[in-house]
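Asker: As annotated in Swiss-Prot:
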type	residues	note
COMPBIAS	137-148	compositional bias 'Basic residues'
DISULFID	Cys48-Cys90	disulfide bond
DISULFID	Cys79-Cys125	disulfide bond
DISULFID	Cys83-Cys127	disulfide bond
CARBOHYD	Asn29	N-linked glycosylation site
CARBOHYD	Asn30	N-linked glycosylation site
CARBOHYD	Asn97	N-linked glycosylation site
REGION	136-158	region 'Disordered'
SIGNAL	1-23	signal peptide
Amino acid sequence: MLAMKLFTCFLQVLAGLAVHSQGALSAGNNSTEMEVVPFNEVWGRSYCRPMEKLVYIADEHPNEVSHIFSPSCVLLSRCSGCCGDEGLHCVALKTANITMQILKIPPNRDPHSYVEMTFSQDVLCECRPILETTKAERRKTKGKRKQSKTPQTEEPHL
């Protein structure tokens, strides 16, 4: 199910890029000369920053999975990009909420209504060090700490 959603979003992005590139080709001159994108522009486009990304509504609002939404995904700004060092990754420093009007369709498909849904967008991004431990490893460590804090009764020495 998730793979199908991702594939659908991928196709939508691909279609958008195809339309954009066709317009760019027809707007340019008919010469066979290729334009070279300068390094500074390449770096600026690929460096850690908020970028638009299609996100599934059901992933952002998991308590609403019993309904169908149209559109099923929305365009949100998310931190993405390269940091120039393998020890760093792109993370959000500041977020902001955005409210969008979405068509909400119940399972029986009637009556559907327009609803306002709030989503979180990344506004400011920064390259930060990657933490070595994963969330699962931190949970295991926390569980062990809790166990060791519980008082243990000792048997009296006779």
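Cβ coordinates are placed from backbone N, Cα and C, and glycine is handled just like the others.
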Asker: With DSSP assignments reduced to helix, strand and coil, which class does Cys125 (disulfide bond) get?
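Answerer: SS state of Cys125 (disulfide bond) = strand.
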Asker: Within 10 Å of the Cβ of Cys83 (disulfide bond), how many other Cβ atoms are there?
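Answerer: That number is 18.
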Asker: Taking 10 A as the limit, how many CB atoms besides its own sit near the CB of Cys90 (disulfide bond)?
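Answerer: Around Cys90 (disulfide bond), other Cβ atoms within 10 Å: 20.
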Asker: Indicate whether Cys83 (disulfide bond) is helix, strand or coil by DSSP.
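Answerer: Looking at the DSSP assignment, Cys83 (disulfide bond) belongs to neither helix nor strand, so coil.
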Asker: Which of these disulfide-bonded residues is closest to Cys127 (disulfide bond) if you go by CA atoms: Cys48, Cys79, Cys90?
Answerer: Cys90
Asker: Between Cys79, Cys127, which of the disulfide-bonded residues has the fewest other CB atoms within 10 angstroms in the structure shown?
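Answerer: Comparing Cβ neighbour counts within 10 Å for the disulfide-bonded residues Cys79, Cys127 gives Cys127.
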Asker: Quick one, of the disulfide-bonded residues Cys48, Cys125, which Cβ has the fewest other Cβ within 10 Å?
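Answerer: Sparsest of the disulfide-bonded residues Cys48, Cys125 by Cβ contacts within 10 Å: Cys48.
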Asker: Near Cys83 (disulfide bond) in space, meaning Cα within 10 angstroms, which of the recorded positions do we find among Cys48, Cys90, Asn97?
Answerer: Cys48, Cys90
Asker: Name the secondary structure element type, per DSSP in three states, that contains Cys90 (disulfide bond).
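Answerer: Cys90 (disulfide bond) sits in a strand per DSSP.
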Asker: So which recorded positions out of Cys79, Asn97, Cys125 end up within 10 angstroms of Cys90 (disulfide bond), measuring C-alpha to C-alpha?
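Answerer: Cα within 10 Å of Cys90 (disulfide bond): Cys79, Cys125.
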Asker: To the nearest whole angstrom, state the Cα distance for the pair Asn97 (N-linked glycosylation site) and Cys48 (disulfide bond).
Answerer: 20
